[in-house]
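Step one of this worksheet: look at the structure below.
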Amino acid sequence: MLRRTVKSENQLIGGLPAVETHSKLRYPYRLNFYDDPPLCNVTLEEFETWGIQRLRVLAEIESCNVRNRTFEDTKLVALAQSKKYLPLSSTSAISVDRDLERKRDHISHFVLRLAFCRSEELRRRFVKAETTLFKIRWESDDTTERASFISSLDLGMTQVPAEQVKEMQHVLQAASGTKPPKNDQTLPEYFRVHWTRVTDLVATRKVYLQGGYAYVPAKDQSSIVFQEFSSRLERALEQTSRAVPRLDEDDRLLPLLQHLERSFLNGIASSSAASFADENGELVRAEQVDELAARHFPACMRNLHDSLRKDHHLRHHGRLQYGLFLKAIGMSIDEALTFWRRGFQGGKITDDKFAKEYRYNIRHSYGLEGRRMNYPAKNPYLPSLAAGSPKQAQLSTFQTYCIHDRSYPFASLHRYLVRHVSTHQRIGSYPDLTVPAVFGTSCVRIITNDEPSSLDNHGCPFRHFSPQNLTAMLERSYRITSPAEQAEVIKLVQGHHYQIACTRVFEYTHRKGGTKNGDGLDSQGETVDHPNRYYARSRELYKLMDKDKDNMVIDSKPPVKGESD
């Protein structure tokens, strides 16, 4: 793998670190149209991790778009996530490996392009999210670098001569809405481009059209670039989709692409869940659960709790999903045994049958039986395996056929990766994450794994309930009776935005805590990515409300006679 090297005699100029010119960088520009596939070696960890990191950024962008947040709000969220997962420094930045950052950006784009070319909906959503990310980077880019990047592109636009601008001054200004220049000001620049490259400006009547060409003022030049970026990406994805069916012959590759697809469709979290136990170390007792469920449980756990109370029983996946949730909110093994034994009372499960058939599995989920593996709530269906020795990362040429009709030379890398996905083993130097947990947080796994039958109660109500049953649950469990609010939730569900629908329910039911529509969990638009995160934030808001009430009571007491004010 080629690495950027700088000779020692050029490292310092005047006692300061040397700034590399465009010609010295493998990736001369911060912005990228991704016209050419990467032709370099990547390790297994790089291939896996970089794709997931980019997916986290794009998922946050799509979440903002679906929730109708302004571009400025989306920009703040995307820049924060990019700084954390996908940093991209300017060419003038020092003390950073700019080529490595840009290589990561380049490869991660093509990793996701492989996964999201497989259906029209995926392509549409991927193009929209990538275009938004490009716009955000465009606005934050250095003006000089941006101009240099534009000059390197073949955008099919030509600058209109100053003489022609002067002749057409009145019609150009009338169309673009620009003010006429004063005597001491020069005429603004205009670019001539075919109208199909600026359809957004044509639709809003912001450009002058003549002979099939649009005259675009320099201030709107970015529209040409954005439109071209979207168009090229759409064409590239269509070309890739025609080549991808050949990969279906390798059934070891398919699970990886499906994991990425599901993560994007269902909203991969911006951060992985670690431990959701109460920060004050508070334990949850069995007799508290009814009250906690009514106030703080998300729909998936509220449905399981109500079903347990109604039927005095839950089937295996329901017990596992609900049991791990209760464990994470602070329920000890002793309280868990008490809770489940009481929950089964009144049904067909006797105390003797409970001890013989259910007690072992409950203790097993706490790591007290069998192989003593501690099942984490962050991954509701898989045990947290002990970290083994990391295997040597294999190298494989990432000479992808994504655009060009090339052979697929990195099958060995995918065989290694998919084998570990199927066996839930750990990869590389990431001891805190199993592969399935990386590809999807708990909400994603609840949504996509082990679809419930008519006899089951596990899963996600927003994903698995009919609109009628979901509406009934909103009224019964959350007192959401407004037709407009119900319609908003159903609309999100029908658009496959299940986690955003859950977030909307959180906003509706926590107005007393100051939560408004669009605030999300943290007043900054955070989307629900885990049932325990929903619970923890709800508890936090109620504690703040209770604290405010206590302060009001204290302040409202009349002063005691003899005490100073």
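Cβ atoms are placed via backbone N, Cα and C, with glycine included.
Remember, predicted model here, so these are calculated numbers, not experimental data.
Each residue in the domain 'DNA primase large subunit C-terminal' (290-378) gets a DSSP state, and the totals come to 59 helix, 0 strand, 30 coil. For 290-378 (among others), the entry in TrEMBL reads domain 'DNA primase large subunit C-terminal'.
Secondary structure at Cys502 ([4Fe-4S] cluster binding site), as computed by DSSP, is helix. Annotated [4Fe-4S] cluster binding site per TrEMBL: Cys300, Cys443, Cys460, Cys502, in sequence order.
Per-residue confidence over the domain 'DNA primase large subunit C-terminal' (409-535) averages 76 (mean pLDDT, predicted model). Look at TrEMBL and you will find 409-535 (among others) tagged as domain 'DNA primase large subunit C-terminal'.
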Practice task
Using DSSP with the three-state reduction, classify Cys443 ([4Fe-4S] cluster binding site) as helix, strand or coil.
Solution key: helix
Handout entry: Surrounding CB atoms that lie within 10 Å of the CB of Cys460 ([4Fe-4S] cluster binding site), all protein chains
Key = 25
Handout entry: Three-state secondary structure, Cys460 ([4Fe-4S] cluster binding site) (per DSSP)
Key = coil
Fill in the blank from the handout: Those same-chain residues, other than Cys300, Cys443, Cys460, Cys502, found with Cβ within 8 Å of the centroid of the [4Fe-4S] cluster-site Cβ atoms are Pro298, Ala299, Ile446, Ile447, Pro461, Phe462, Arg463, Tyr498, Gln499, Val528, Pro531
Handout entry: CB within-chain contacts under 8 A for Cys300 ([4Fe-4S] cluster binding site), separation at least 6
Key = Gln321, Ile446, His458, Gly459, Cys460, Pro461, Pro531
Exercise for the section: Have a look around Cys502 ([4Fe-4S] cluster binding site) and count the other CB atoms within 10 A of its CB, chains all included. Expected result: 26
Fill in the blank from the handout: If you count the other CB atoms within 10 A of the CB of Cys443 ([4Fe-4S] cluster binding site), including all protein chains displayed, you should get 29
